[in-house]
Amino acid sequence: MLQRKLKRLLGAVTIGAFIALPASALAQTSDADFDTTIANSYAGAVLAGQSAEADLDLDTAIDLYAKALSYEPDNIDIKQRLMLLLFKSGRFEEGVELAGELKTETDVASVAALALGVDAMRKREFGRAQTQFDAESAVDLERLLNGLLNAWAIYGEGDADKAISEVDSLSGPDWYDIFKTFHIASIHELNGDKDAARRLYTSLILDQQAARTAPDTFIRATMALAIMEARSGNKRAALDALASGSAFANGYMPLETLHDMIEADMPLAADIASPEQGAAAVLFTIGSALNREGAQDYVALYLNFARALDPDNASTLIILGDLAAKLEDIEGANAIYRAIPDNSVMHRVAQLQLGLNLADLGQVEEAKTYLNGLVAENPDDLRSYLALGSVLSEAKEYDEMAENYDKAVKAIGVLPNRSHWNIYFQRGIAYERIKEWDKAEPNFKRALELFPNQPQVMNYLGYSWVDMNINLDEGMALIRDAVRLRPNDGYIVDSLGWAYYRLGEYENAVEELERAAELQPGDPTINDHLGDAYWRAGRRNEARFQWERSLTMEPEPEEIPKIEAKLEKGLPDDPEAKPATANSDKTETQPETESDAPQKESMADPDTANQAAQYKVKPGQTLWNIAAEILGDGALYEQILQANPELDGRPDLIHPGQVINLP
């Protein structure tokens, strides 16, 4: 396996007590409030607190550990746990009170000292802050973190030259360079030396290795340079800076938003306007570089400390919201997204994610109203239509979905380009679902004109033709080509197998459906399909086994009685070996009918396809971000490109809600 950059970044970080805690990032509220009064002893409170912590209900865990301390006020272990949970939950002021008591405890000394230093920076007590930041640590990450924080504390006392020398003197691995360059540039800018800042920012955004090491810092440097130039009246230079950044992160919504703001001569705040914000940027740049699987505790710690110093920083809030959403704390995530200022370049990203999150909470009507408002607010932003369309698809409100994409096509105008293929694809799906094939088919064809050989479109159109017993040769060719482009996509392989089934070629169907079941072993529909194919091939015991397996995999509620009826009665004898028409009526009162063809649905509803081998793109993400999060190194984005030939080698073709294959 490739060695991931995360391991090199973390090194031997000595936040020992953190490792014992679950990989959570933010407080998560349980479905029902726990009555902490029933924990009427020290042991009871501790055990209940550990249980709440394991369930990621951090607020309840905090209350219970506090109750345990009421029985044993000097218990160091519980104080340590409580302090760490308070910091992870964003309750900084409560946590820092305990930090003063625990600063000499080995297990948490580094965290306590860091918290006390951050607290001193908040209060602009820059001399006291310097006494807490240990820039001589033997651990690479801690030495960099504390050295940069110390430099900003020195700057807070008015000595810019000494602050820059402090950063320059930091010796460590090559990956130090991007962080050192960014913060020296920021100190120069804040100190009024824009020429020095411009030179350093420019060198950073031209360094692709820097982009691979810390993509969020690279993007922040790009925006900082653009904002500095715009504030200085250099609009052309500002837009050129964004163009350089876009070469790495093309299609990244905040860069596009900042571009529009600069073009419109809107007022812009400096990226860093105070030593406190500089210290917050240290915690953000390092925390965001660690933001991948297995490091959420560190990320939550650093970003919540950053938030304590700079509460309105949108870059910090976006990542904290994402961490909360990953824990399925959707309400907590939405509260964070709502805190992002309206004038931030991240505001639109947060709005779209908030709308999608409302739907995840089951508040579909609220989500629709909210996202319709975003569409009305900016009818030219196609991401809004895609976000709304995904909610309508999930809710199976296909008439509204079709109307939504009609509006999107109107917004595109008469000259669509390659990036618009998915608008036409989703519009075609909507019309196919409401059985208006004469409107659906032209949209699928238009999508393929814009993006030839797009596997999802080829699969959907090809299967539709086969299912309706028209254009059979062309339809099978499209599905086979889709499988050739995505041989490891179980859903597309399932479509090929099911097409063979519809044509009565049961042995071929079994072969392809067995392969699909290997690729997506936990999918109830694929296993149901395989059961049907086994039955038709005369392998009836295996058919029943597959149907039973399908029932254990949480199929859609309407499919359960159909599968149960097949287990009881099997399939009808002597079926007609020809495709069913698109208009055939299949109802729950006819459970002996073969399975429907839900792989088309999996294309319409990406959530159903979001298995281990696939990933649904979120608003504001780049392919680099996804590679860093999932594969541990942004530089591995090329592997994702190779796994998705329909992207044609272009990272900018991804969009929110799109399902991509992972290598």
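Counting begins at 1 with the first residue displayed.
Cβ coordinates come from backbone N, Cα and C, glycine included.
Quick caveat, the model's predicted, so the values are computed rather than measured.
For 1-27, the entry in TrEMBL reads signal peptide.
The repeat 'TPR' annotation in TrEMBL covers 421-454 (among others). Long-range Cβ contacts of the repeat 'TPR' (421-454) within its own chain (Cβ-Cβ under 8 Å, at least 6 residues beyond either end) map to 382, 385-386, 389, 392-393, 396, 398-399, 401-402, 404-406, 408-409, 412, 460-461, 464, 468, 481, 485, 582-583, 600, 603-604, 645-646, 655, 658.
As annotated by TrEMBL, repeat 'TPR' applies to 490-523 (among others).
As annotated by TrEMBL, region 'Disordered' applies to 569-609.
If you look up TrEMBL, you'll see 613-662 marked as domain 'LysM'.
Residues in the repeat 'TPR' (421-454) partition by DSSP class (helix H, G, I; strand E, B; coil) as 27 helix, 0 strand, 7 coil. Averaged across the repeat 'TPR' (490-523), pLDDT in this predicted model comes to 95.
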